[in-house]
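*Asks:* Pulled these from Swiss-Prot:
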- Arg7, Asp8, Glu9, Tyr10, Lys65, Tyr122, Arg126, Ser130, Arg189, Leu190, His191: substrate binding site (BINDING)
- 60-65, 75-76, 81-82, Gln104, 139-140, Trp183, Arg193: FMN binding site (BINDING)
Amino acid sequence: MELHNIRDEYTKRVLSQHDCHKNPISQFEQWQKEAIHAQVNEPTAMNIATVDEQGRPNSRMVLLKEVNEQGFVFFTNYLSRKGGCIERNPYVALTFFWPELERQVRIEGKAVKIPAEQSDKYFATRPYTSRIGAWASEQSAVISNYKSLLAKAALVAAKHPLNVPRPDYWGGYLVVPETVEFWQGRPSRLHDRIRYRKESDNWIRERLSP
């Protein structure tokens with residue numbers, strides 16, 4: 001299947017280094033708000049790439065649940081494949097892609113577990129069925145069929161008809177950024193790329209060649 005002729009010309013916006021915030025978190029928050037306002041499909045969806053013990057990368061989509069001055073928070077099963085990779089090598093890469101705005105954000109940094117109390121607080125806000133699912137799913141494990149998963153979920157629901165506690169193996173990670181790159185599509189593939197990199201306690205802001 002040849003895909004050579006599928007291409008778009010990017011013309012919607014410009015990213016000026018002069019107009020960027022001094023802090024990448026503030027710049028990200030601005031872009032995140034604009035993505036939500038533009039009704040981008042799944043504006044909080046991000047790809048997270050990890051590396052296993054053999055140095056092989058793997059990636060998957062997760063949802064960003066919080067941005068704060070420390071970094072980017074997502075939640076998952078700590079016993080999943082991604083959790084195992086992070087346990088052995090905490091350095092990860094995140095990518096957001098908002099095609100409606102012709103924008104991409106790339107983040108590299110270290111993932112650390114957030115305090116259990118914070119995971120408890122978020123878990124309590126999840127829909128009941130999602131909390132049941134956290135107990136029923138042995139994430140990344142091979143299962144015989146879908147019916148067995150539903151049966152396990154039913155057993156969990158019978159045990160916890162009202163309040164569902166958070167499993168110890170489920171919680172949040174904070175990705176503490178070391179580099180953050182903002183990409184804005186431009187005509188003729190001469191895209192805008194502004195990178196922030198951490199040096200000591202300061203952020204260095206620089207333009208990259210496309």
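We number each residue from 1, going along the chain as drawn.
Glycine too: its Cβ is placed from the backbone N, Cα and C atoms.
Keep in mind the model is a prediction, meaning the values are calculated, not measured.
Context for these features, please: burial, neighbours, distances.
*Replies:* Taking the Cβ of Glu9 (substrate binding site) as reference, residues of its chain lying under 8 Å away and at least six apart in sequence are, in sequence order, Pro187, Ser188.
In this view, Arg193 (FMN binding site) is surrounded by 18 other Cβ atoms within 10 Å of its Cβ, with every protein chain counted.
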*Asks:* Could you measure between Arg189 (substrate binding site) and Phe75 (FMN binding site) for me? Cα positions, answer in whole angstrom.
*Replies:* 35
*Asks:* Among the binding-site residues listed here, Arg7, Arg81, Arg126, His191, whose Cβ has the fewest other Cβ atoms inside 10 Å?
*Replies:* Arg7
*Asks:* Which of the binding-site residues Arg7, Arg126, His191 has its Cα nearest to the Cα of Arg60 (FMN binding site)?
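*Replies:* In terms of Cα distance, Arg60 (FMN binding site) lies closest to Arg126.
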*Asks:* Just how many other Cβ atoms lie inside 10 Å of the Cβ on Arg189 (substrate binding site)?
*Replies:* 10
*Asks:* Going by C-alpha distance, which of the binding-site residues Arg7, Arg126, His191 is nearest to Leu64 (FMN binding site)?
*Replies:* Arg126
*Asks:* These are the binding-site residues: Gln104, Ser140. Which one scores highest on other Cβ atoms within 10 Å?
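*Replies:* Neighbour-count leader: Gln104.
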